[in-house]
Amino acid sequence: MKTITKEIQERTTPLEALEVLKQGNKRFIKNISAPRNLLQQVNETVTGQWPLTTILSCIDSRVPIELIFDQGIGDIFSIRMAGNVVNSDVIGSMEFACNIAGSKLIVVMGHTNCGAVKGACDHVELGNLTGLLAKIQPAIYEEKSTMDPSIRNSSNKTYVEKVSIINVRRSVNSIIERSSVLLQMIERGEIGIIGAMYELETGKVHFYPETLRFGSSQATVPELSSSIS
């Protein structure tokens, strides 16, 4: 695999950047890795970086972003927060990644069996963690399909996963609502944003097409040009 250069980044569309991730995850779940020289990538990225994608994910050690998408050095801006929650620092990092450094796609990715979401479902309070988990509470309030209070907790796996999906969707919306910089880039078709969920059980990443924002288009992802590989 080629090291991402400025020229490759500039000619890659947001939907092509998404397809790069999809193909990389397909390789990962087949236990296949694209050939790449990591030391060469280290040397080739000393003077600059041109990642195609910016990913907000959880800090969970079982969700190593570059590995699950089979990406190399200089390919991804990785932002990690417990529960993939959004705050001003996260948004500022995304604005740098996209507006300054040229990243073409933002992905907000949760994962199954998320400890932060489970903690929020159980209303855990612990030091500074309390404030972080409070940011997940709106997703809990929005989840209306589980009515019995006795099973609205982390012991109910289905409930936890529903909250996790809502939390991803809310995070996507929060980024768009809170950043005029990113919103304008999305509306101009310069970048895209989408939500996703990583299955710990299988290694598969599920993207949620209904969360995709890219200009006014909801088009099917096109085939990639071989020049990106």
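Even glycines carry a Cβ here, placed using N, Cα and C.
TrEMBL has this to say about the protein:
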- Cys58, Asp60, His111, Cys114: Zn(2+) binding site (BINDING)
Given the Zn(2+) site residues Cys58, Asp60, His111, Cys114, which other residues of that chain have a Cβ within 8 Å of the mean position of their Cβ atoms, reported in sequence order?
Ser57, Ile59, Arg62, Val63, Ala82, Gly83, Asn84, Gly110, Thr112, Asn113, Gly115, Ala116, Val117, Tyr198, Leu200
State the count of C-beta atoms found within 10 angstroms of the C-beta of Cys114 (Zn(2+) binding site), not counting that atom itself.
27
Over all shown protein chains, what is the count of other CB atoms within 10 A of the CB belonging to His111 (Zn(2+) binding site)?
25
